[in-house]
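Chemist: Got a structure here, written out as structure tokens. Questions coming.
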């Protein structure tokens, strides 16, 4: 193809003018837009209770995967449970940020023990933890159990050990905790929520 | 989840009118009752959590405001004010963020086609892939809300959780609010509910209580119930009668068609000159060609 110098300039100028017009908004486009896609569409929804305080707000935890064998689920979003009578979907700033609490690097994930005189915490198994706690409780109770008071009245008190319960408990677990603790004679029962 | 184009009311820098057949879409609104807000910042946390934003952990600046200002990673902040009204100390806390104006200054100022969209339900949303990072929307906003990200040079602000609203849910901040100070519903219902609140406040020693839904920007889709509606400036400088800057109005309103006409006239003149007078011929006396 033969293009003279003058024709080449004309072609270039024409192209420049057309693209300028298009870029200046003269080219009609479809008025389309898109919202961010809804991120919970088929996520697994699990109900639970907020672990922070004694209000005991209901939460909905959303995790990756639909429960299939080959999918490893991990929680990526938490919001209030609108069907829970306590909070009806609302959450305080601590509850609203629970997902970062779940994935926190500082989160304690297994039992640890600091032996008398030791400076370091040492990881132990759940079985060992239960056994050690039971052993300590039994020894202390055997040594300090108060069966009768000064007047000879049967009181069955165990005053040297207390129990601190978690707040993320239903009424039923609260009832069970109370049964267990009181049947041992323990008086000092408290809840993490008051700390 | 591509939106049908009929759901769009307005589109930035676009001469083509979007289809407007769906005129029966319900206009939504968020009502922030400043009088029942306790400043707990659950809305800030829920916003960051839902929108997957984590701002840098800043430092204490001596007041409760934290972060101190909106940013590309913080789309809503609580602003705390200690003022003396009627001889009493009052702690006025306002949740700041995009007001979703009916006549959005950001959209008017935006030069990039389709970077700012107003949906039929009233939500004003940024389309990041079309954002060119010029920052005109920031100067166009009467409430100083959009923020330019230093990471990707795109502008961000509250979307009114358009992704949640489009599937029929309320925004994340509304859902989490423990005192029910933030409510969501149709603009009609929210206006009616605000009316009840204002009546109640008037009987409780706030005779100037009122709804903040400024007409200067055509009304907003985020409204406030204020104890002192006569003095919105008390609430971290909320403007009494916000309007789009006259510079933006002139540039995008009057000057734009004039400039287009001038542009077209210059092209037409060039064409007519070519037809009538013809192109410039090199002078024969010049003698350059022979040399």
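The backbone N, Cα and C atoms fix where each Cβ goes, and this holds for glycine too.
Please treat TrEMBL annotations as automatic predictions, because they have not gone through curation.
Below, the features straight out of TrEMBL:
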- B:37, B:40, B:43, B:177: [4Fe-4S] cluster 1 binding site (BINDING)
- B:47, B:158, B:161, B:173: [4Fe-4S] cluster 2 binding site (BINDING)
- B:98, B:101, B:106, B:141: [4Fe-4S] cluster 3 binding site (BINDING)
- B:110, B:131, B:134, B:137: [4Fe-4S] cluster 4 binding site (BINDING)
- B:28-56: domain '4Fe-4S ferredoxin-type' (DOMAIN)
- B:89-121: domain '4Fe-4S ferredoxin-type' (DOMAIN)
- B:122-151: domain '4Fe-4S ferredoxin-type' (DOMAIN)
- B:1-20: region 'Disordered' (REGION)
Chemist: Within the same chain, where does the domain '4Fe-4S ferredoxin-type' (B:28-56) have neighbours whose Cβ lies under 8 angstroms from its own Cβ atoms, ignoring anything closer than 6 residues to its ends? I mean 6 or more beyond.
Modeler: 64, 66-67, 71, 73-78, 80, 91-95, 100, 121-123, 158-161, 164-165, 171-187, 190-191, 193-194, 197, 201, 206, 209, 220-227, 235
Chemist: Would you mind reading off the Cα separation of residue B:110 ([4Fe-4S] cluster 4 binding site) from residue B:173 ([4Fe-4S] cluster 2 binding site), to the nearest angstrom?
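Modeler: Cα-Cα distance, residue B:110 ([4Fe-4S] cluster 4 binding site) to residue B:173 ([4Fe-4S] cluster 2 binding site): 27 Å.
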Chemist: Compile a sequence-ordered list of residues in the same chain as residue B:131 ([4Fe-4S] cluster 4 binding site), six or more apart from it, whose Cβ lies below 8 A from its Cβ; state 'none' when nothing qualifies.
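Modeler: Within the chain, residue B:131 ([4Fe-4S] cluster 4 binding site) has Cβ neighbours under 8 Å at B:112, B:115, B:154, B:155.
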Chemist: Give the nonlocal contacts of the domain '4Fe-4S ferredoxin-type' (B:89-121) in its own chain as ranges (CB under 8 Å, at least six residues past its ends).
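Modeler: Beyond its ends, the domain '4Fe-4S ferredoxin-type' (B:89-121) has Cβ neighbours at 3, 6-14, 20, 22-23, 25-28, 30, 32, 34, 37-39, 43, 70, 75-83, 127, 130-132, 134, 136-143, 145-146, 157-160, 162, 165, 173, 182, 217-222, 224, 227-228, 234-236, 238, 244-245, 248-249, 251-253.
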Chemist: What other residues of this chain sit with their CB within 8 A of the center of the CB atoms of B:37, B:40, B:43, B:177, the recorded [4Fe-4S] cluster 1 site?
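Modeler: So the additional residues around the site are B:38, B:39, B:41, B:42, B:78, B:95, B:173, B:176, B:178, B:179, B:181, B:182.
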Chemist: Counting other Cβ atoms within 10 Å of each Cβ, which of the binding-site residues B:134, B:137, B:158 scores lowest?
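Modeler: So among B:134, B:137, B:158, the binding-site residues given, the one with the fewest Cβ atoms within 10 Å is B:134.
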Chemist: Which residues of the same chain, at least 6 positions away in sequence, have a Cβ lying under 8 Å from the Cβ of residue B:141 ([4Fe-4S] cluster 3 binding site)?
Modeler: B:105, B:106
Chemist: Among the binding-site residues B:137, B:158, B:173, state which ones have a Cβ less than 8 Å from a Cβ of chain A, giving them in sequence order; state 'none' otherwise.
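Modeler: Qualifying residues, whose Cβ lies under 8 Å from chain A: none.
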Chemist: Of the residues in the domain '4Fe-4S ferredoxin-type' (B:28-56), how many are helix, strand and coil by DSSP?
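Modeler: For the domain '4Fe-4S ferredoxin-type' (B:28-56), the helix, strand and coil counts are 12 helix, 6 strand, 11 coil.
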Chemist: Measuring C-alpha to C-alpha, could you say which of the binding-site residues B:37, B:40, B:43, B:98, B:134 are within 10 Å of residue B:161 ([4Fe-4S] cluster 2 binding site)?
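Modeler: Near residue B:161 ([4Fe-4S] cluster 2 binding site) by Cα: none of them.
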Chemist: Taking residue B:158 ([4Fe-4S] cluster 2 binding site) as the reference, which of B:37, B:43, B:98 (the binding-site residues) have a CA within 10 A of its CA?
Modeler: B:98
Chemist: Taking Cα atoms as reference points, which of the binding-site residues B:98, B:101, B:173 is nearest to residue B:40 ([4Fe-4S] cluster 1 binding site)?
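Modeler: Answer for the nearest of the binding-site residues: B:173.
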Chemist: Residue B:47 ([4Fe-4S] cluster 2 binding site): which of the binding-site residues B:101, B:137, B:177 is the nearest Cα neighbour?
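Modeler: The smallest Cα gap between residue B:47 ([4Fe-4S] cluster 2 binding site) and any of the binding-site residues is with B:177.
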Chemist: Sort residue B:173 ([4Fe-4S] cluster 2 binding site) into helix, strand or coil using the DSSP assignment.
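Modeler: In the DSSP reduction, residue B:173 ([4Fe-4S] cluster 2 binding site) maps to helix.
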